[in-house]
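*Asks:* Pasting a structure here, questions to come.
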Amino acid sequence: MSRLILDEQAIRRATTRIAHEIIERNKGVSDCLLVGIKTRGIYLANRLQERIETIEGIKLPVGEVDITLYRDDLTVKSTTEEPILQGTDVPVDVTGKKVILIDDVLYTGRTVRAALDALMDLGRPEQIQLAVLIDRGHRELPIRPDYVGKNVPTSKQEQIVAKLSEVDGIDEVTIEQKTS
C-alpha cells in the first residue's frame, strides 16, 4: 500500500520555493554551482537551474556526482569487484564556489557524506549547501539539509519512493511499507 506525499504540482511548488531560498540565502547566485547526486538529484538540479534562470536571468552551471566509489555501506559480493567511480561531471572548478548539492531523499546521510568526499576530491569550495526534495529523518551522521521540499517523518519499516518524469515517466513521491 502506498500513500501519495507529493504530486506533480507539489513537486513543482517545492522546487520553485527551494530556488527562491537559494537565491535569497546566497544574495544572488553569481558564485553558485548546482551539483546533483546521481540519479534523481541530477534531474532536480536541472529543474532548479531552470527555476533560478527564470527568476534571476542567470543560467547556473550544473554538475553531477556519482558516489558509487565512495559509499561505505555497499556490500561487495566478491573481493575482486570494486565499486567504480563513473560519470562524475562537474563543468567548472568547485574551488571558491558555493556548491549546492542536490538529492531527492535524505535518509541516513551516508549518500550525502559520500558525495561530500567526492566533491572535496575535486577542489575546495567556499561553501557546500544541501538541498533535498524529501527529508525523512533517521540520520546516522550529523548531516542537515539547508533546503527541504518537505519533511516526511517515517518509521524504519516505511520507505519513500521519489519518481521524476525524466526517469520514471511521472512526478510523484509516495510512502510505502517495506517488503521483507
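Each residue, glycine too, has its Cβ placed from N, Cα and C.
Model, not experiment: these values are computed from the prediction.
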*Asks:* According to Swiss-Prot, T39, R40, D103, D104, V105, L106, Y107, T108, G109, R110, T111 bind substrate; identify which of R12, R13, R17, R136 is listed for that same site.
*Replies:* R136
*Asks:* For the record in Swiss-Prot, which of the ranges 60-72, 99-111 is the motif 'PRPP-binding' one?
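*Replies:* Per Swiss-Prot, the stretch marked motif 'PRPP-binding' is 99-111.
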*Asks:* Using a Cβ-Cβ cut-off of under 8 Å, list the residues of the same chain that are 6+ residues beyond the ends of the motif 'PRPP-binding' (99-111) and lie near it.
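*Replies:* Non-local partners: 22, 32-37, 40-42, 44-45, 48, 65, 67, 71-73, 119, 125, 127-143, 145-148, 160, 162, 164.
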*Asks:* Quick one: give me the count of other CB atoms within 10 A of the CB of Y107 (substrate binding site).
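*Replies:* Y107 (substrate binding site): 20 neighbouring Cβ atoms within 10 Å.
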*Asks:* Going by DSSP, how much of the motif 'PRPP-binding' (99-111) is helix, how much is strand and how much is coil, in residues?
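*Replies:* Summed by class, the stretch gives 2 helix, 8 strand, 3 coil.
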